[in-house]
Every structure is written in C-alpha cells, then in structure tokens.
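Read the structure below first, then the notes.
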Ligand code: HEC
Ligand code: HEC
C-alpha cells in the first residue's frame, strides 16, 4: 500500500536511472562463522552477475542483530521451536523428537528445498505437516503460522552456513519454469512483476526502504516490522499486496513454484536462517 503513490512503472524506470546499486560490502559472521552473502549468479539468472543476500541492503543497526544469536530476536522463536519439537501430540502419542532424536541430523536439508518427490513439489512445511498428519496422527500446522515458522527456523538453522543447492533440472524443470514465469509476470493494479523491483532495481531506495534482490536464503525471517518470524510465502504475499495484486495462496502451487525458482536464484549463497530484516 505504501508504494502506491511512488511506484508506477515509469517511476521505477526514472529511479533506476539515477542510482547505482547500493548493496554494501560488509561481511556477515555469526559467532566467528562467516556466512556467504554474495556469490556468482547462477547461469540461468542471465540479468545478474552476482547474487546478494538481503542482509547487504539493511542498515548497520539491523545487520548487527544477525551477528550474534543472543541479540537476534528470532531466537526467542527458535527456542519455542525446540519446545514444540519435544512436545507429544496426536493419536500416536509421539513428538518429533520421538523419531528424530537429534534435530542436528537435519543439517543439509534446508539447502536442497523445495524438491520434487513423486512428481510433486515439496517444501519444508509440507515435510513437517506430513509427519504430523501421517506419522503422529496430529493436526497439520497452519502453513505460515507461528508453530510452523518456529520449527522450520529450528530445522533451517541446522544448515546455517551451508550453500544453497536447489535442483532445477530433471523432475524439477517444469516447476522451475512455472516459477520463472511467475517471477516475470506483471500483476496487480501497479502492473509490476517481482523482477521489476528485485532484479531491475535492487539497491534503489523506495519509501525509506532499500530494495534487495528478494533472496530467500534467510527464511523464515524475523521482521522488525511485525516482531515475528515470517515465512517466504508470507513475504511473497505481502509483496503482491503492495502492488495491489490478489496474492496466490500461501502453501499453494504458485508460491511453491516461485519458492523453487527464488531459492535457486540464491544457489551458492549460505543458508542464513533465521535472518533479521525490516
Ligand atoms: C513416528 C516417527 C516420526 C515422527 C513423530 C516425526 N517424524 Fe519426521 N520423519 C519420519 C520419517 C520416517 C521420515 C522420512 C525418513 C527420513 O527422512 O528420516 C521423516 C522425515 C522428516 C523430514 C524430512 C527429512 C529429510 O531429510 O527429507 C522432516 C523435515 C521431518 N520429518 C520433520 C518432522 C517434524 C518437525 C516432526 C514433528 C512435528 C516430525 N518430523 C515427526 C518420522 C517421524
Ligand atoms: C514494488 C516493488 C516490489 C515488488 C514488485 C516486489 N517486491 Fe518483494 N520486496 C519489496 C521491498 C521494498 C522489500 C523489502 C526490502 C527488500 O528486502 O528488498 C521486499 C522484500 C522481499 C523479500 C525479502 C528479502 C529478504 O532478504 O528478506 C522477498 C523474498 C521478496 N520481496 C519477494 C518478492 C516476490 C516473490 C515478488 C513477486 C511476487 C516481489 N517480491 C515483488 C518490494 C517489491
């Protein structure tokens, strides 16, 4: 909504003419571990040379919050994730921890998701809910709800520092193409595509916010704006609303395809979960 007055496509073009890209060249390290926040762009992202984490586009004040897990407000929710992981629920009388003894065993999972299983595109949220319904006899969690993001943050954290490496070929190819089409498709009253902001104009200031490439290597992400963890689909939804488009369904096929495409645009960046953003 706040973009309405400023962001006509013409305004965007005018803006981009006057600004150079403004990602900074700081280094993100967390407790001494360096997180890779820039990488050579994957070959398919033909309009980019380098991919940058959204961290580079935040102010110094926001950046430091992510450099120390004691300062990072997302860890309140990660702790809730630990409790949920140990909580017995459902008709089988089991907790996640009954079967997954050590959450650290999930190291390596986050960088590969979403992935295709038996012809279907599967996200982390799908895997968690499948265990809840089919293995615990419990209700699925709301796709972008607080319980889900707490646990997906906990599981994602186990891969922090590992390079994103999402497959886009083979079974994944058709989903990748769909995600790509959605990324470049103009929608909404402002008639804009994701690419108009996050590819053509990253680095530009819009309404006191600094446009990033819209990478998802840090999700779920803690946002200062709403003081909670936000799923990638929640973020996609917000961006679509900002351009006055009717958002696709959170957890639905379109956002899953978009997630695959966006995740792959970040291939080579480190998993940063849980990140801190505006
Ligand atoms: C009754 C045993 C059981 C319970 C309880 C259970 N899971 Fe699972 N889970 C499995 C099995 C079996 C698999 C598939 C084999 C594997 O990858 O370990 C699996 C797979 C997964 C995967 C995908 C792992 C991968 O590498 O592909 C995730 C993520 C996961 N479970 C999370 C959870 C969470 C979170 C909970 C609690 C909400 C939970 N599971 C509860 C047995 C269980
Ligand atoms: C009108 C410009 C605009 C459009 C169009 C737009 N966004 Fe955004 N988006 C923003 C702004 C502003 C932010 C917050 C600053 C930033 O990280 O870029 C943002 C943030 C994001 C982030 C968070 C990045 C991070 O590191 O935390 C993701 C992911 C994202 N957008 C995805 C999308 C997707 C997917 C689309 C298309 C459906 C889209 N955006 C369309 C303006 C836009």
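Yeah, the Cβs are placed from backbone N, Cα and C, and that goes for glycine too.
Annotated features, as they stand in TrEMBL:
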type	residues	note
SIGNAL	1-22	signal peptide
DOMAIN	80-164	domain 'Cytochrome c'
BINDING	96, 99, 100, 131	heme c 1 binding site
BINDING	194, 197, 198, 239	heme c 2 binding site
BINDING	235	substrate binding site
ACT_SITE	239	active site, cysteine persulfide intermediate
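Positions of the features from TrEMBL, shown on the structure.
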residue	record	Cβ contacts under 8 Å, 6 or more apart
96	heme c 1 binding site	84, 85, 86, 103, 131, 151
99	heme c 1 binding site	131, 135
100	heme c 1 binding site	85, 106
194	heme c 2 binding site	182, 183, 184, 214, 239, 258
198	heme c 2 binding site	211, 212, 213, 214
235	substrate binding site	216, 219, 221
Secondary structure tally of the domain 'Cytochrome c' (80-164) (DSSP, helix then strand then coil): 42 helix, 9 strand, 34 coil
Sequence-ordered binding-site residues from 96, 99, 100, 131 with Cβ under 6 Å of an atom of ligand 2: none
Listed binding-site residues (131, 197, 239), ranked by Cβ neighbours within 10 Å, top entry: 197
Distance-selected binding-site residues near ligand 1 (C-beta under 6 Å), from 96, 99, 131, 194, 197, 198: 96, 99, 131
Residues flanking the heme c 1 site, with Cβ no more than 8 Å from the Cβ centroid of 96, 99, 100, 131 and excluding those residues themselves: 85, 94, 95, 97, 98, 135, 136
For the heme c 2 site built from 194, 197, 198, 239, further residues of that chain with CB within 8 A of the site's CB center: 192, 193, 195, 196, 199, 211, 214
